[in-house]
Every structure is written in C-alpha cells, then in structure tokens.
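Participant: Quick one: the structure is below, questions incoming.
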Amino acid sequence: MVVGDVTTSTDVLVIGAGPGGYVAAIRAAQLALDVTLVEKGEYGGACLNRGCIPSKALIHGSKLASEAGQAEELGIYADPTVALDEMINWKDGVVDQLTSGIEQLCTAAGVNLLKGTAEFADENKVRIIHQGEGQGSESLKFENCIIATGSRPIEIPGFGFEDERIVSSDGALNFDTVPDELVIVGAGYIGMELATVYSRLGSDVSVIEMLEQALPSYEEDIASIVRKRAERLGVDFHFGYTADSWAASDGKAVLTAVPADEAAHDSDIELTADRILVAVGRRPVTDTLSIDDAGVETNAQGFIPTDSTCRTNKEHIFAVGDVAGEPMLAHKGSKEGEVAAEVIAGEPAAVDYQALPAAVFTDPEIGTVGLTENEAANKGMTPVTGEFQFQASGRALTANRAEGFVRIIATKETERVIGAQIVGPEASELIAEIAAMIEMGAKLEDIGSTVHTHPTLSEAIMEAAQNAREKAIHRRN
C-alpha cells in the first residue's frame with residue numbers, strides 16, 4: 001500500500017472493524033479475495049470496546065457481588081466490598097485481550113489493515129485519511145465495498161455528553177466510582193442492563209421511560225418479571241415520563257421529567273443524581289462517509305437499506321451490522337458480514353432473520369428468537385404454544401433462581417417450530433437450542449423426543465415443547 005497521491009486498488013474494501021466488518025474481512029480473505037479493512041478506532045468496534053463485552057463483564061462482576069450479599073437463605077453470610085476501579089481494570093483487560101486477538105486474526109488471514117477514516121469519492125473509490133505515524137491520505141479503488149461503520153448513542157436535546165454528569169452507555173461503563181444516585185433515561189435493553197449493574201453495586205437507581213412498560217419491545221408478561229426483580233434490587237421506575245431538562249445543584253444534577261401523556265400524569269417530577277445516563281437508543285454512523293458521493297441510499301433515520309444478501313441499491317456496495325438497521329445485534333452483523341463476503345465471492349448466501357436470536361442480560365435474562373404468538377397469528381398462521389415454568393425445574397430451584405418460563409411457538413398444522421421466548425436463568429444460552437431448531441426446520445416432536453440431561457435448565461425447553469403437544473410430564477397439559 002503506497003501513501004500519497006498514488007491510487008491503489010483492492011477487491012474488497014471493508015469500512016469498520018466491528019463484529020460485522022472484521023468478520024466480513026476475514027471471510028473474504030478466506031475466499032481468496034484481496035481485502036483492505038479500514039478502522040479509525042479500536043478493533044472490535046462498539047460491541048467489543050463500548051458495548052457487549054465490557055457491559056457483560058460488569059454484569060458478571062455485579063452479579064457476584066449481589067449474590068454474595070444475598071445468600072443468607074443458603075446459610076452464607078457476607079458483606080462484599082466493591083472496588084469499582086479494580087473491576088473496571090479487569091474489564092479493560094478482557095477488552096484488550098479480545099481486541100488484540102481480532103487484529104491477529106485479521107493479519108493471519110491476510111487482511112490488509114489500515115488505521116484511518118474512509119470517505120467516498122465516487123461509487124468505486126474512497127479517500128483514506130490515515131491516523132498515527134505516517135499520517136497522510138491516499139485514494140483507494142475497490143471492486144466491492146462493505147460498509148460496517150456501526151452506530152453511536154443517541155443524544156437528546158438539552159442532555160449533551162460534554163458535561164461529565166450526563167453520560168451515554170459508553171461513559172457508564174467507565175465510572176471511577178459507583179454513583180450514590182443514578183438516573184437512567186430509557187428502559188430499553190441498554191438502560192435495564194445498566195440499571196441491573198449499578199443497583200447490584202449499591203446505587204440508588206431511578207429509571208424514566210416514556211412508555212408504560214419496561215423493555216417495551218417485549219411482551220408484558222416477560223418484561224414484568226424483569227421489572228419486578230429490578231424493583232426488588234431497589235430500582236425505582238417512572239413510567240409515562242420524558243426527560244425535559246436538567247440543572248446543576250450542589251455538584252449534582254437535578255433532572256426534570258414531564259408527562260408523556262398529560263391525561264395519565266398531571267405533574268412533573270424532579271430527580272436528583274450524581275450521574276444521568278441517557279439510554280434512548282443508537283443511531284447509525286453514516287454521516288462521516290460522504291455516502292451520497294457513492295450514490296448509496298439511506299432512509300430517514302440514516303440507516304442503509306439492504307436486501308437479504310446485504311446489498312444496497314448499488315450492486316457492488318454492501319452494508320452490514322448496525323448501519324444496516326434493526327435489530328442492532330453484534331451477531332446479526334457478523335452473520336451479515338459472512339454473507340456479504342460470500343456473495344461477493346460468487347457463492348450462494350443469504351441471511352435468515354427468522355432464526356436470529358436476541359438476548360437481554362438483565363436479572364433474570366431474556367432470550368428470544370423467531371415469532372411471538374401474536375406475530376404468527378397476524379401472519380395468518382394458527383399458532384400452538386407450550387410453556388414450562390422454571391419454578392418446576394429442579395436445576396433452577398437448586399440454583400435459587402426459579403423465576404420465569406420457556407415458551408415455544410409452532411404452527412398447529414405442521415408443528416414446525418417458529419419462535420420462542422425465554423425469561424429466566426441463562427436464557428441467553430438456552431435460546432440457541434431453539435434458534436438451531438428453527439434454522440433446521442425442526443418440529444415440536446424433534447425437541448420433545450430429544451433426551452435432555454437431568455438436572456439442567458435445558459429440560460424446560462423439552463417440557464415446553466411437550467406441553468405444546470399435550471405430552472409434558474412435569475406440568476399440566
């Protein structure tokens with residue numbers, strides 16, 4: 001690669017080294033394509049550096065602290081002391097290990113790595129602005145391009161992140177001390193996961209949500225289990241309110257929230273906090289690409305529409321991950337990255353979003369895949385459902401975590417599995433079994449007749465499938 005006015009070329013240009021981008025680059029290199037990967041920050045993107053991995057590290061650490069302090073029922077008496085700075089250092093070590101691992105994987109695969117930013121000059125060329133030693137720029141022609149620039153936290157008016165008291169999820173993963181009082185704006189999955197972390201660590205947590213339910217994208221019977229557990233941890237919810245403004249007072253922030261619907265609430269509320277976490281969603285990073293110069297279309301929210309092969313309106317330009325729209329999940333981006341690389345190499349490939357699982361790492365966890373019962377009915381199907389409560393699971397009881405249930409949805413005519421929802425212990429792990437079943441076109445009988453190890457949480461999946469067939473042993477059918 002020559003730096004300067006010389007124009008170089010590549011078979012595949014990948015912009016962004018998050019879960020979608022680096023996977024796309026490695027897969028394309030495996031398929032004998034010449035690949036250049038451009039990244040302006042740390043390898044791994046938001047997921048590895050400011051999202052999935054660091055948040056799960058803090059979720060794990062806070063879980064250990066919480067369980068140690070609440071195990072009297074088991075005859076264990078402890079009063080753990082949390083050194084948040086040490087927990088953050090451990091978290092950062094995990095991130096560093098994985099970041100360096102990604103760089104090594106890319107290098108070993110033969111991917112050409114560039115540190116810098118990319119701006120489209122036209123639909124076949126970008127300008128690379130280098131960072132670090134040897135700063136400069138160059139033009140790079142490409143046969144195909146994969147845009148994987150990810151997303152960033154949404155700011156709301158009046159709550160800019162320039163003041164240290166107002167933070168996004170990025171900042172909330174790097175507090176130097178546990179806030180005595182924390183206000184979270186937004187009860188989606190990010191807000192609820194971080195409410196779980198800091199309530200476990202001892203913060204007085206208040207959550208403001210515009211709608212009348214925590215986790216509003218989930219069914220109420222699932223969300224209510226998580227909300228009730230959060231309330232037992234001390235989280236205070238204010239539903240039907242929006243954050244209006246804030247003011248500094250005695251070193252703290254006083255937030256004013258107004259009713260989202262004046263018919264439901266007749267007065268404003270004020271909440272005092274050391275930190276205010278704004279967790280109202282994420283927006284795509286497309287505004288730095290000069291994307292119009294490539295002729296790539298975006299929608300009103302800035303996302304890049306794609307088809308099932310991850311193609312944009314330009315046949316040789318692809319988009320994967322958060323920048324391509326909901327659901328914004330790291331593993332979705334990785335799968336899309338694989339598909340885009342394979343399509344570029346001439347292989348038949350497409351993304352099956354029906355078998356795409358999702359997880360929320362609250363307490364208890366949530367895992368979902370495929371259709372809900374209502375979604376299936378709205379598509380003209382006749383769904384049949386089976387459920388099994390963890391209260392009847394020997395393994396859940398022996399883990400002292402018997403909240404929640406497994407629900408499986410299938411078509412009545414064929415008994416083909418089309419969806420599932422799990423709320424309970426290890427839901428994020430359990431949902432993968434049902435995702436695999438959907439991917440394979442499996443039926444309820446396939447799950448129900450598969451012997452599951454006893455005692456395990458996975459037995460609940462077998463029992464739920466059998467319940468849908470009126471053959472469950474450990475519950476009424």
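Even glycines carry a Cβ here, placed using N, Cα and C.
Among the features that Swiss-Prot reports, FAD binding site is placed at GLU39, LYS40, GLY41, GLU42, TYR43, GLY44, GLY45, ALA46, CYS47, LYS56, ALA118, ASP322, ALA330, with the record citing similarity to another entry. Summarising the annotation, Swiss-Prot assigns disulfide bond to CYS47-CYS52. Swiss-Prot lists GLY186, ALA187, GLY188, TYR189, ILE190, GLU209, ALA279, VAL280, GLY281, ARG282 with the feature NAD(+) binding site, giving similarity to another entry as the kind of evidence. Feature annotation from Swiss-Prot assigns active site, proton acceptor to HIS454; the stated evidence is similarity to another entry.
I'd like these features described in context: how deep, what's nearby, how far apart.
Facilitator: If you take the C-beta of GLU39 (FAD binding site) and look for same-chain residues 6 or more apart in sequence within under 8 angstroms, you find GLY16, ALA17, GLY21, LEU113, LEU114, LYS115. GLU39 (FAD binding site) falls within a strand segment according to DSSP.
In the three-state DSSP scheme, CYS47 (FAD binding site) is classed as helix. Long-range Cβ proximity for CYS47 (FAD binding site), meaning a same-chain Cβ under 8 A and a gap of 6 or more residues, is found for GLY18, PRO19, ILE53, ALA330, GLY333.
The C-beta environment of ILE190 (NAD(+) binding site), restricted to residues of the same chain at least 6 apart in sequence and closer than 8 Å, consists of SER169, ALA279.
Sequence-distant contacts (6 or more apart, same chain, Cβ under 8 Å) of HIS454 (active site, proton acceptor) comprise GLY394.
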Participant: So for GLY41 (FAD binding site), how many other CB atoms are inside 10 Å of its CB?
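Facilitator: Other Cβ atoms found within 10 Å: 16.
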Participant: In whole Å, how far is GLY45 (FAD binding site) from GLY186 (NAD(+) binding site) when you measure between their Cα atoms?
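Facilitator: Approximately 23 Å lies between the Cα of GLY186 (NAD(+) binding site) and that of GLY45 (FAD binding site).
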Participant: Per DSSP, CYS52 (disulfide bond) is which: helix, strand or coil?
Facilitator: helix
Participant: Please work out the number of neighbouring Cβ atoms within 10 Å of the Cβ of GLY281 (NAD(+) binding site), leaving out its own Cβ.
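Facilitator: Excluding its own Cβ, the number within 10 Å is 16.
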Participant: According to DSSP, does ALA330 (FAD binding site) fall in a helix, a strand, or coil?
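Facilitator: The three-state answer is helix.
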